[in-house]
Amino acid sequence: MIKKFDKKDEESGSGSNPFQHLEKSAVLQEARIFNETPINPRRCLHILTKILYLLNQGEHFGTTEATEAFFAMTRLFQSNDQTLRRMCYLTIKEMATISEDVIIVTSSLTKDMTGKEDVYRGPAIRALCRITDGTMLQAIERYMKQAIVDKVSSVSSSALVSSLHMMKISYDVVKRWINEAQEAASSDNIMVQYHALGVLYHLRKNDRLAVSKMLNKFTKSGLKSQFAYCMLIRIASRLLKETEDGHESPLFDFIESCLRNKHEMVIYEAASAIIHLPNCTARELAPAVSVLQLFCSSPKPALRYAAVRTLNKVAMKHPSAVTACNLDLENLITDSNRSIATLAITTLLKTGSESSVDRLMKQISSFVSEISDEFKVVVVQAISALCQKYPRKHSVMMTFLSNMLRDDGGFEYKRAIVDCIISIVEENPESKEAGLAHLCEFIEDCEHTVLATKILHLLGKEGPRTPVPSKYIRFIFNRVVLENEAVRAAAVSALAKFGAQNESLLPSILVLLQRCMMDTDDEVRDRATFYLNVLQQRQMALNATYIFNGLTVSVPGMEKALHQYTLEPSEKPFDMKSIPLAMAPVFEQKAEITLVATKPEKLAPSRQDIFQEQLAAIPEFLNIGPLFKSSEPVQLTEAETEYFVRCIKHMFTNHIVFQFDCTNTLNDQLLEKVTVQMEPSDSYEVLSCIPAPSLPYNQPGICYTLVRLPDDDPTAVAGSFSCTMKFTVRDCDPNTGVPDEDGYDDEYVLEDLEVTVSDHIQKVLKPNFAAAWEEVGDTFEKEETFALSSTKTLEEAVNNIITFLGMQPCERSDKVPENKNSHSLYLAGIFRGGYDLLVRSRLALADGVTMQVTVRSKERTPVDVILASVG
């Protein structure tokens with residue numbers, strides 16, 4: 001029956017695409033009708049439509065066949081049929097890039113452009129500008145100037161929009177039309193004024209002073225076009241973000257005044273601009289929030305949606321500013337548009353008090369099954385934020401999330417819930433068992449491999465430390481029996497972690513691992529064999545190295561290094577220290593909840609891997625070993641100065657490479673042979689400088705300085721460098737960018753650059769700190785006590801220590817429990833050269849904070865460095 005229905009439907013043509021089965025060769029054959037006399041407009045229109053359809057579907061036209069069809073089409077200009085003529089303009093625009101000698105229609109288009117038929121003039125201008133190149137533009141310049149100030153709005157708008165496109169081809173010619181564009185900007189037509197403002201801005205956007213003057217002029221004289229007002233607000237907002245005046249600027253006053261405009265579009269644009277300004281206080285946000293509050297009760301769904309979506313964004317940073325809208329948002333919970341209702345309730349979750357959480361969760365439960373997965377993810381995001389804000393409400397959240405987890409839904413939705421539950425488990429120790437129980441139940445019927453492996457990893461990490469770890473073994477071993485290879489392998493790893501940390505469970509785990517050795521998959525068998533052999537040794541140090549604490553190196557970096565090792569066989573064993581460290585351990589990274597993810601995630605090279613590759617390509621850096629760590633960029637110039645310079649410190653075992661990213665902001669200068677000369681304050685030795693060959697206006701360039709670390713005193717890791725940028729200046733024409741032949745040497749003093757102890761240490765997470773502590777041993781252990789007299793709270797002390805040392809807090813020890821007078825902070829890292837470094841800091845609060853620091857490493861130097869730096 002279904003097949004019969006489909007056939008009938010296809011024959012009747014109802015709902016089908018008449019161009020679905022077009023063949024290019026047949027259409028080009030039909031195009032010969034263009035040469036017939038007299039011209040048949042109706043048939044020609046149909047064929048042109050087919051050609052446009054094929055072009056827009058991505059059909060490839062060869063140059064010869066496209067040119068033949070184009071030349072045949074030019075004969076259609078002999079017809080006076082308006083629809084056919086306008087279809088010709090469209091076809092010219094589409095075929096301009098694939099046909100040869102398209103300029104043959106220039107005279108016909110120029111004639112239409114300057115003719116008396118207004119209906120032809122606008123489209124003719126757009127088509128003409130599409131086929132015109134830089135050499136021909138001057139020939140039509142006079143006509144373009146006239147068209148820009150034409151009284152017919154469609155002609156003027158066409159000329160202005162075409163001018164915007166022509167800027168890419170010949171900016172200097174279009175710049176001569178600025179007077180006409182200014183005249184068009186005073187037009188009464190809203191679209192002409194909008195397009196004219198766009199042209200004026202793009203002609204001046206590289207000159208901040210000219211943009212400021214333009215804004216000044218239009219903010220004082222006012223505009224008639226609401227579209228132009230929106231553009232003006234965006235320009236003002238962009239300028240505000242770049243200047244230091246901020247909210248004291250007249251530009252901010254202008255944006256605020258637009259909140260009182262008669263057009264809703266302008267009011268919303270102004271409110272959105274204020275909300276997205278950086279460093280906006282709650283007081284400055286208040287007028288914008290008030291306007292959005294009014295929009296919440298608008299009869300137009302689009303306005304209500306825009307308002308609640310924007311308030312949702314405000315609530316992320318300034319929840320207190322949105323509190324005044326809570327009543328309006330509660331009214332929107334019952335909105336017929338489920339998207340609006342969802343955004344309203346998620347906003348309320350961010351702004352509501354702890355007492356309102358239960359009521360809001362009940363309201364969400366009533367309609368959550370009716371909304372799309374995309375908005376369910378938004379709800380989960382809001383719940384996740386709420387868990388961090390009100391940790392005592394985790395039981396309510398957990399119940400709600402577990403119910404959502406049982407409902408039908410796609411991968412992204414399920415992943416968002418799993419990530420949220422994992423976050424609650426990690427942040428609230430008292431919710432651990434309930435969360436793990438819900439996740440165990442979920443993996444019993446989970447069709448997503450990624451989620452199953454993630455949950456198994458969490459069970460292996462958190463399960464062994466629960467009061468009754470044995471209850472999780474059944475759920476994990478079920479995965480070995482029932483699931484695919486990837487999940488079975490993850491389950492084997494989780495079982496090994498239970499055996500490594502629970503002596504009473506070890507015999508049972510060994511039996512289960514022996515069963516896994518009979519698996520059909522290589523990966524599962526190899527893991528089982530490996531873990532079985534490690535566990536049979538019954539050594540805590542081995543367990544810590546090979547089971548608890550995974551690889552701390554970059555996975556893409558390791559893959560590349562191993563591939564290189566196989567290409568160049570060597571008698572030496574592969575050195576793991578030749579691989580860059582991972583910026584953050586794989587198991588520490590929390591997956592961000594995203595609204596859309598269409599492709600499977602590919603492990604992309606990290607920032608560290610990219611730097612490693614860039615530096616390895618420079619001959620001077622070939623023999624200094626693998627990259628250990630790259631710092632965050634440090635700015636060495638003030639904003640609004642002639643040159644913008646920032647530095648990234650690349651640490652190697654015995655060297656530092658300073659990478660200077662330089663930008664020349666002067667359009668009348670070309671800088672050449674740019675270097676940064678560094679004068680160290682201590683026993684650092686500057687070895688070489690690698691210049692940036694040239695720095696044209698606004699184009700970034702990179703220069704490097706190579707420095708050797710002190711040999712005589714390994715603990716002298718901190719230092720200060722005075723920096724001076726030296727270069728050759730060649731003056732140039734700001735308009736053309738052509739430089740003078742002669743240049744002169746000049747220099748520019750930069751801010752001093754500091755190297756601190758944190759630059760020499762890479763963060764690394766140890767999931768089981770106690771095991772790692774025992775693994776390192778006490779051979780080079782040292783302990784000292786310090787008084788932090790200026791520190792008043794334990795939280796402040798913890799944050800200062802973490803920031804100063806640049807190490808990774810373990811066991812969630814960076815969170816200080818409430819109403820405690822003592823706390824233990826556990827830090828882990830790797831010191832330059834690849835040495836494990838562990839710090840245990842016991843803090844006690846009295847008049848100030850007293851700190852007992854114990855440091856362990858397998859080498860003496862890292863221990864001495866930490867104690868010397870803290871002291």
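Cβ from N, Cα, C; glycine included.
Under the heading region 'Disordered', Swiss-Prot lists 1-21. Residues or ranges marked as compositional bias 'Basic and acidic residues' by Swiss-Prot: 1-11. Sequence annotations record features per position, and here Swiss-Prot assigns repeat 'HEAT 1' to 64-101. The annotation repeat 'HEAT 2' is assigned in Swiss-Prot to 283-320. Here Swiss-Prot flags 321-355 as repeat 'HEAT 3'. The repeat 'HEAT 4' annotation in Swiss-Prot covers 356-392. Look at Swiss-Prot and you will find 395-430 tagged as repeat 'HEAT 5'. What Swiss-Prot lists as repeat 'HEAT 6' is 467-504. Among the features that Swiss-Prot reports, phosphothreonine is placed at Thr594.
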So what's the average pLDDT for the repeat 'HEAT 3' (321-355)?
83
The repeat 'HEAT 3' (321-355): which same-chain residues, six or more beyond its ends, come within Cβ distance under 8 Å?
282, 285-286, 289-290, 292-293, 296-297, 301, 304-305, 308-309, 311-312, 314-315, 363-364, 367, 370-372, 375, 378-379, 381-383, 385-386, 390, 392-393
Mind tallying the repeat 'HEAT 4' (356-392) by DSSP state, helix then strand then coil?
34 helix, 0 strand, 3 coil
DSSP helix/strand/coil residue counts for the repeat 'HEAT 5' (395-430):
31 helix, 0 strand, 5 coil
